[in-house]
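Going by TrEMBL, these are the annotated features:
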- A:6-121: domain 'Thiamine pyrophosphate enzyme N-terminal TPP-binding' (DOMAIN)
- A:196-332: domain 'Thiamine pyrophosphate enzyme central' (DOMAIN)
- A:399-546: domain 'Thiamine pyrophosphate enzyme TPP-binding' (DOMAIN)
Amino acid sequence: MSKTQMTGAKMVVQALKDQGVEVIFGYPGGAVLPIYDEIFQQNQIRHVLVRHEQGAVHAAEGYARSTGKPGVALVTSGPGATNAVTGLTDALMDSIPIVVLTGQVPTFMIGNDAFQEADTVGITRPCTKHNWLVKETDELSNTIHQAFHVATKGRPGPVLVDIPKDVQFASGKYTAPKAARVSHYQPPVKGDIETITALVEAMETAKRPLFYTGGGVINSGPAASTLLRELVEATGFPITSTLMGLGAYPANGEKWLGMLGMHGLYEANLAMHDCDLMINIGARFDDRITGRVQDFSPGSVKAHVDIDPSSINKVIRVELPIIGDVGHVLEDMLRIWKSRGRKTNGEAVKKWWAQIEKWRKVDCLAFKQEGNVIKPQYALSRLEALTKDHPSRYICTEVGQHQMWAAQYLGFNEPNRWMTSGGLGTMGYGFPASVGVQMAHPDALVINVAGEASWLMNMQEMGTAVQYRLPVKQFILNNERLGMVRQWQELLHGERYSESWSSALPDFVKLAEAFGAKGILCSDPADLDDAIMEMLNHDGPVIFDCLVTKHENCYPMIPSGEPHNKMLLGEVSTKDAIGAKGAVMV
Amino acid sequence: MSPLKIKKGASSHSAYDLRDPHAEAIERHTLAVVVDNEAGVLARVIGLFSGRGYNIESLTVAETDHTGHVSRITIVTSGTPSVIEQIKAQLGRIVPVHEVHDLTVEGPSVERELGLFKVAGTGDKRVEALRLADIFRVNVVDSTLESFVFEITGTPEKIDAFAELMRPLGLQEVARTGVAALSRGDGAH
Ligand SMILES: Cc1cc2nc3c(=O)[nH]c(=O)nc-3n(C[C@H](O)[C@H](O)[C@H](O)COP(=O)(O)OP(=O)(O)OC[C@H]3O[C@@H](n4cnc5c(N)ncnc54)[C@H](O)[C@@H]3O)c2cc1C
Ligand SMILES: Cc1ncc(C[n+]2csc(CCOP(=O)(O)OP(=O)(O)O)c2C)c(N)n1
């Protein structure tokens, strides 16, 4: 047996090494000192000292999303653990595999309101896929191996292992991953062949088919994206994706309609509304997508491929539910479709494309850069033009209008290149996520497209970026407003801009300099290209303060509670567009 | 007509029970959930119900396999068919959950609950309480000159009925276990 005696603290480091972990993001404290002592005495695993535990968890998320490997964070008991809660919830909503290790007061003090004691497993139970409190050193390594298994298998998600300090000091038997107890948790990956065949049959006859893909394709791994591309090219069907699925099918691909949903493209949303066969692959019928459920794509037969049975029929009833891993199911779909003679309803699909082309002509993302103030859409168009050919560009975002504009105006041609907080919509996600991405890809171009308000939420991570010489580019679209909130107030609350101002903003250039980084201010459209190039050419972290139009709205927009074909486009009058019923939705 | 061979709303390819999704009729279902008997597992199940706004009408839990550390949780819940379907799928995602059985749809099952009733009284009321207890085949597990503790086993409906009868006869206190249930016939679930 591959079992050896060692302290719990040593076990933690050994287990991480055996799991192939290269980087952990963390912050020390009393309850994890033995583990930090072990980290000190080795060189294999790099530890990144963040400046706030929320940053550690988002960095782990960025690392995970950009590599496909689980991200790891290590924090202390009590406040360290509670600071991790937002990141855990974020990872749960977006199905990101991360392992968070927390210190805990010694077992004999649990329940006594000891110093820095918090009921960590209690607090994090609803925001983890699973969590464990380890009470015996003998169980520790096995539990950590289980944690990696659960985080990555099936629908990925965050897990947490809470380790009391006495368990870290005591000695016990180390179990290597191979010898670890196998978990009964083994979600099936193969889809039901009969249903897959029924879907292929439907694809052969469909007149207005549409692929609606999501984060599940990214979760399934790069092979799934390759298969998806093959299937789309072979069938010639149009494809749209959610915010979370961008990059699985390339934005420069011929069949690409752009993102769908609340701020999705006109052609993508109308295609969703009018299709007769909707093939949902790894998306979860989120309310940003469906709008008013009763009116959602009323004429279509729907197929849904998802590894999590609870995603199926949760929001939208589907005729063809397929429970399985995207990669496995796509492989079967392709094989069956080919073996049946590669049929599609060519004539009808051509007409369908003709219709889509008409919608495309609306050119819903068109904007005019006039005057001497930079429009945010223009800023992102220029950023796209100047970076799209970079061989390894990774984009993170914060949350708000800038996030939606980034999704609309930047093109993603590969999976795992786009890190954004979709489900929870966590302002403050993007900066630490960019730290995690850059740690995983030291030579890549990592840009965080930010709003000034979101960026301030985790700006302390400047310290981390500078300390580890991470050349992350913080591209702040500064409208001096909580723009997304302001937009809703304009459309929904009679332009009463209650508390949606970013007042007393710092001078971002001086702020960058105070941290020992570079700051760039740009306010004139004529200077923009040069300023962006200056940012790209600087070998080190940059804060780019891009002053943009203050009251720009993000369109297209489907108001909450409306169907897809009630979309607001930029120029039309949009006041009072959201009815009372929609107003209660967020 | 849709050019597709599948009718909209068809359920033949569904791995699920696809009764009319818009049916608003509330149904009562008994679920048997087999779980690892580990710390916090009950909190996970209960947290799921409270966090997602599902009903629990009754819940019982005990270890059923000591060597395998396996417990069985029996939950009586109610909701529309689609809510019941979600409840089962959500229970199935909890990592220490091994199996989820819907005894209400998976064929005939038996349900039993145990109730303890303290009834105090003298004279005619006391005689009547004892007479009714006898009809219900209830055990007397404690008695004083002025009170009985009755033990009744049966379906929840039977226990409800007995409670109604005892109320005017001096019912003081009730303790009920909640439902335990098994499928009928051969085969485990
Ligand atoms: C301000 C704001 C505005 C937004 N506007 C939009 C918008 O306009 N359009 C938009 O699309 N989104 C928008 N979002 C994001 C939205 O809230 C959701 O996060 C997003 O739509 C969900 O994406 P998804 O359906 O791909 O699901 P995800 O959350 O990525 O879930 C993935 C699904 O795939 C399944 N899955 C995971 N792994 C596998 C596997 N290996 N095989 C099979 N299935 C798997 C999971 O079970 C899950 O059901 C917005 C967010 C914010 C913050
Ligand atoms: C932590 C958190 N708090 C509040 C919100 C609500 N919210 C969504 S967008 C937004 C404004 C974001 O402003 P900014 O970062 O400047 O981006 P902009 O919309 O202006 O591009 C707010 C407050 C949120 N998503 N997250």
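Just so it is clear, glycine is given a Cβ too, placed from its N, Cα and C backbone atoms.
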Q: Work out, from DSSP, the number of helix, strand and coil residues along the domain 'Thiamine pyrophosphate enzyme N-terminal TPP-binding' (A:6-121).
A: 56 helix, 22 strand, 38 coil
Q) Do you know the DSSP helix, strand and coil residue counts for the domain 'Thiamine pyrophosphate enzyme TPP-binding' (A:399-546)? A) 65 helix, 27 strand, 56 coil
Q: Express the predicted model's confidence over the domain 'Thiamine pyrophosphate enzyme N-terminal TPP-binding' (A:6-121) as a mean pLDDT, rounded to an integer.
A: 98
Q. Could you count the residues of the domain 'Thiamine pyrophosphate enzyme central' (A:196-332) that DSSP puts in helix, in strand and in coil?
A. 59 helix, 27 strand, 51 coil
